[in-house]
Amino acid sequence: MAPPDSTHGGSFRDHLKTNDRSSTSKGKQRYSPLQEAIPEEISSFRSPSEYADTDSDSDLERSGSYKLRPVDRYGSHHSSAFIPVIREENGVETYLDSITEAEQELLSASKQYDLVDDDDSSDFDSDEEATLRYRLKDRLKRRRARLQAWQPVKYARIWWRTLLAVVVTLVVVVWGFLSFAVSHREEPTVWPMVPSDSWFPSPKGGTLKHWEESYKKAQSLVRNMTLVEKVNITTGIGWQMGLCVGNTGPADIVKFPSLCLQDGPQGLRFADHVSAFPAGITTGSTWNRELMRERGVAMGREARLKGVNVLLGPSMGPLGMMPAGGRNWEGFGSDPVLQAVAAAETIRGIQSNGVMATAKHFVMNEQEHFRQPFEWGIPTALSSNVGDRALHEVFAWPFAESIRADVASVMCSYQMVNNSHACENSKLLNGILKDELGFQGFVQSDWLAQRSGINSALGGLDMSMPGDGLHWVDGKSLWGSELTRAVLNTSVPVERLNDMVTRIVAAWYHLGQDTWERPPPEGNGGPNFSSWTNDEVGWLHTGSNDGSYARVNHYVDAQGTGPEAHSIIARKVAAEGTVLLKNVDRTLPLSRNASSPSGGILRVGIYGDDAGPALGPNACPDRGCNQGTLATGWGSGTVEFPYLVSPIEALESAWSTEIESTAYLRNAVMPADAVDKDLCLVFVNADSGEGYISAGGIHGDRNDLFLQKGGDTLVRTVSSNCGGGQGKTVVVIHAVGPVVMESWIDLPGVHAVLLANLPGQESGNALVDVLFGEVDASGRLPYTIGKSLEDYGPGAQVLYEPNAPVPQVDFLDALYIDYRHFDRHNITPRFEFGFGLSYTTFELLDLSISPLQQKSRSVPPRPADAVAPPVYDISLPDPASALFPAGFQPVFKYIYPYLSNLDGTAPHNYSFYPKGYNETQRPSPAGGGAGGHPALYEEMVSVKLQVSNTGDRKGQEVVQVYVSFPPDFPERVLRNFTKIELEPSERREVQMTLSRKDLSYWSTREQNWVMPEGKFQIWVGRSSRDLPLMGEY
């Protein structure tokens, strides 16, 4: 989501030249968002004002005494007095070529208008005509002289144009040859980009057995609701019109409360006395299912204590197709299975507290550039174009697992998918999410991602957030009273509204929120904090001027205490999410009793802005700046830090013996600053975030994958000079995603590298735990670290410049995300997906592959609905019942469901339905259960092996299972994993299973999951390229 920005606005700037755009690193030119000043256009043509200053003719202007009069060229016998004057001269064509653009416009205008003297409307007299002829002849001579001076330039242009034509011809010939060669080469897989299909009507919820009781309760409540109450529940009341970032209206008659929706995936945004947990990318790096769930439990507990009904997380989109994507850090990694497992465990943890979780952003929200039109001054958001197979096997996979985890809400994303806005894309919401995946909860929009009223309702959207329509805080909603009117005039069927509100109420019952204390005035429930002020007393409707206020902050401490303190789980996740990438001669772990190699006091240098606290963790709104140690990215997915333990603070008390420590908390250091040190600790980072904030020249998405703020230079300088070349340098990276480190990773002075990701509030403590070996280095990469951004392939590049009025991003190779692309093209990465060193060693052995079921090509026929969905009376109420009640005083900009008049409420034959609205849709054969057909999740294969700790200390190993399909598939794909802890010499059996879906692909022809014929190779190992064990099935 994004907050309103007063600088948003403008129009599509497709007329900007390449050299007009803001610059980025490596000399590239980039498109700038509207938050920053837009440079003036540099044009090869001058403006009219410039013509007036340099090329205007005072006789032609006559001090503005001439005006233009329309001429009927068919009925008038008067010709322009100006035209014969020109045509009587010699060299007319040369003259016309040389005159300025303004004069050409005047000549063109003269063909349609007569020049008339305001002082005398009669024709020119002979003296005036002669004078004008003389002056024009003189001007023509000067023009010819000027033209002769430009002859060399003219010939030079001709030469260059000829050369360009030859080059273009050669390129076309070569391209044609290559195209012919490619077209005659065997290409087993083709990914056609087709517009999004339609899928109507929106499937009704309440068809799965484990939701039956919740839907029965919801049906009883909804039956007693009025039309305006139903609309009130589906529409937010407006940005800053309640205490939370999102607030629905209540249904007072049936005692259904207003719901509080609050960010986000890292904890509670805009709240006091809450925890700043490690980011999703750090959590994914743990590869620890138990920690993933425990973190979710703690997040859900804090949301419950603060009175939040719906927590807007976890994030599983973006998936990380683009390694420079600005919000990748909110998710768990660049693989659908890793992302799915972490998301599902987080959801189970959050919802164990009765708080509704939100799976977001559905789907293909892979970059920040052009995700919203008003952020970039373009007509509409970009379109992410993806094939059906990649959509199912990659991007929708985590959402399917989230639905299996019983997630209550799904948030649709900002951008378009196959040129249909995600929040009204009926194929996505109706066809895939609700029908095929059996989603029983409600679909909410991202904040202002709703782009239509009727189409979004029919397309499957159930809740509009924050209620505002196309603009922030204007009090004009696409739903609210407009939805009331649309239902009354039958353009939106009342059955659709009934399903929308029933889904929301059923989710409320499903999480047991009907047992929560009611909010004021009936009780003391509801949110006990304000998103808009830290003061105890504040406005109830901050976005309005109504002046109503109350106690809004009760300062409830939700962080837990003692052994239940959430700082404990935050520290564990941050430590286990730290990845050891390099460790020469067992430089790590450090000894707390260390001394200098010469036997004296250990001399330690600490380098880099990232080591220190700088201005504090909350110095910039939504963490929108890179200063001090980096513990989170920026945007709506972050939180207010209760505290932040920086590395420099934690290191002050890390050694048991006396040491000599010197801190250089800056990125510009001199070689002399390192020459007398035994140990050099270098802290560097790379930041990014949501697109509504620009910081350090980064407009959401990173410009490249290099370290920021001179980090690469800092590492090279320190490592080359530490101890006069004899010292040991340890590099600690805090980053939102992969960083290219080719300029220093192989330097002999770099002895160890730790990737600490985004560790949250316990940053320094968790780092010290790993540095000194209190915790094993057990993190594993949740993405591939390539040697360059180009290694990830053309399909993984952020679109930084709009390539059309509606920017188009074609995910042609989306099936080959991250390590799959590296494997497909045999590219050697710097560090592969799943890689990570440990302080001990492990051995994997005795692999056993056992079939649990016989292979079969496809799933059985789709099972019938287990339960019939609710049925309601569909008669419409008296439109007058939807009017504002007599004497009602509306709050300015607050969004109500009431009508101010009855215009447009009469039923009529609405004829502007989306394409395909009247076509009957066949239920997906891949549906029938939560997450899809129940048979997809049957266990097909058992994988057993022995894991032995062959080192001299306790440690944790991540055992990863990959599957190689028969030909025409990615080389291998992750399908399962587990993490175990072993004492030295301990040996233990590990067992995992593979489901039918794990061994199937999505058939675009059959629109179903199909298990291919042939043998599967099942690989087991420590990373995507360290797979010592292999069996077949």
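Backbone N, Cα and C atoms are what each Cβ position is placed from, and that goes for glycine too.
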Checking Asn528, Asn826 against Swiss-Prot, the one recorded as N-linked glycosylation site is Asn528
Work out how many Å separate Asn418 (N-linked glycosylation site) and Asp446 (active site) at their Cα atoms, rounded off.
18
Of the recorded positions Asn224, Asp446, Asn593, Asn976, which sits closest to Asn528 (N-linked glycosylation site) by Cα distance?
Asp446
Cα-Cα separation of Asp446 (active site) and Asn224 (N-linked glycosylation site), in Å?
29
Given the glycosylation sites Asn224, Asn909, Asn918, tell me which ones have a C-alpha lying within 10 Å of the C-alpha of Asn489 (N-linked glycosylation site).
Asn909
Just give me the nearest neighbour of Asn918 (N-linked glycosylation site) among the glycosylation sites Asn224, Asn593, Asn909, Asn976, Cα to Cα.
Asn909
Segment-level pLDDT (mean, integer) for the topological domain 'Extracellular' (183-1033)
96
Check the Cα-Cα distances from Asn976 (N-linked glycosylation site) to the glycosylation sites Asn224, Asn232, Asn593, Asn909 and tell me which is shortest.
Asn593
Between the glycosylation sites Asn232, Asn593, Asn909, which lies closest to Asn224 (N-linked glycosylation site), Cα to Cα?
Asn232
Candidate with the highest Cβ count within 10 Å, taken from the glycosylation sites Asn489, Asn593, Asn918, Asn976
Asn976
